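S.K.: Below is the structure I would like to discuss, written out as structure tokens.
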Amino acid sequence: MSEEKKITSSSDQKVNPIKDFISGGAGGVCAVLIGHPLDTIKVRLQTMPQVTAGQAPLYAGTLDCATKIIKKEGPLGLYKGMAAPLTGVAPIFALSFFGFGVGKKIQQNNENEQLSTSQLFYAGAFAGVFTTVIMAPGERIKCLLQIQEGSNAKYKGPIDVVKHLYKEGGIRSIFKGTAATLLRDIPASGMYFMTYESIKKYLTPADSPNSDPGIFTTIFAGGMAGVSNWLVGMPPDTLKSRLQTAPEGTYPNGIRDVFKKLRKEEGLKALYRGCAPVMIRAFPANGACFVGYEFAQSALAWAFPNW
Ligand SMILES: CC(=O)O[C@H](CC(=O)[O-])C[N+](C)(C)C
């Protein structure tokens with residue numbers, strides 16, 4: 001590979017966690033704009049009230065849930081709770097890509113060393129730990145806002161949620177679901193970055209100008225990264241959403257109690273409830289994320305060629 005290729009291709013250029021931080025933030029904004037409506041449907045399906053035999057569930061599936069939300073709350077109902085992810089997701093993605101950069105750097109023996117597939121997984125898993133401190137409270141606020149309906153709304157917005165939670169149970173209540181978030185994000189984030197880097201490398205022809213993967217490869221590799229993230233992340237995510245939206249005291253032993261109750265009352269397949277909107281969102285949202293990320297990387301390489 002030529003020296004020029006090493007400098008200009010985002011996967012081959014030297015690892016720079018600060019550039020990753022900025023580009024990851026840009027990617028996060030793109031992901032929220034494209035993916036939030038489907039995230040709302042996912043949380044509604046995951047947390048809808050249980051039904052007894054013979055009773056119809058509140059939502060029959062993804063399409064039914066989307067139709068009912070639009071009918072009852074208008075199209076903006078799908079964008080409910082977006083202020084929190086928009087202000088939260090950009091820093092989370094920024095931190096996540098930064099953590100991935102650091103995770104790669106600490107495994108390299110020299111700055112030009114290419115990492116193996118499993119090393120890319122470890123770097124991604126490391127990024128999963130990095131983001132938890134803002135991911136866990138961010139998810140708690142987002143889920144509580146997403147499950148409220150129309151006139152029964154308990155919270156006015158993200159700040160109001162934080163105030164309520166703090167009053168109810170202090171900092172501990174705001175951080176409820178941290179272990180569940182780690183259980184989700186360590187393997188999911190490992191899969192995410194490993195999948196993106198592997199597919200991108202595989203599909204980028206060696207003779208492509210500047211080793212540029214091209215927009216279609218970026219969308220496909222990013223989309224598949226999102227899908228693999230959720231294939232492993234979905235079961236702990238369901239437990240997390242239930243724990244974080246349950247009234248105080250419902251699950252005294254945390255995620256273990258949520259799991260026991262779910263297995264007993266609904267069976268293990270309930271762990272994948274809400275899977276369709278997650279997967280439908282994951283592909284376009286993460287495809288958009290990596291387009292934003294790669295665009296920002298190229299812009300930074302152009303603006304600061306020696307950085
Ligand atoms: C939970 C989450 O934000 O996952 C990201 C993928 C997605 O669909 O939003 C992955 N990552 C946190 C690694 C950026």
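Placed from the backbone N, Cα and C atoms, the Cβ positions cover glycine too.
Predicted automatically and left uncurated, TrEMBL annotations should be read as such.
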S.K.: Of the ranges 78-100, 262-284, which one does TrEMBL flag as transmembrane segment?
M.R.: 78-100
S.K.: I need to check the long-range neighbours of the transmembrane segment (78-100): which residues 6 or more away from its ends have a CB within less than 8 Å of a CB in the stretch?
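M.R.: 17-18, 20-29, 31-32, 36-37, 39-41, 66, 69-70, 123-124, 126-131, 134-135, 138, 141-142, 145-146, 148, 157-158, 189, 193, 289, 293.
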S.K.: I'd like the per-state residue tally for the repeat 'Solcar' (213-299) from DSSP, helix first, then strand, then coil.
M.R.: 72 helix, 0 strand, 15 coil
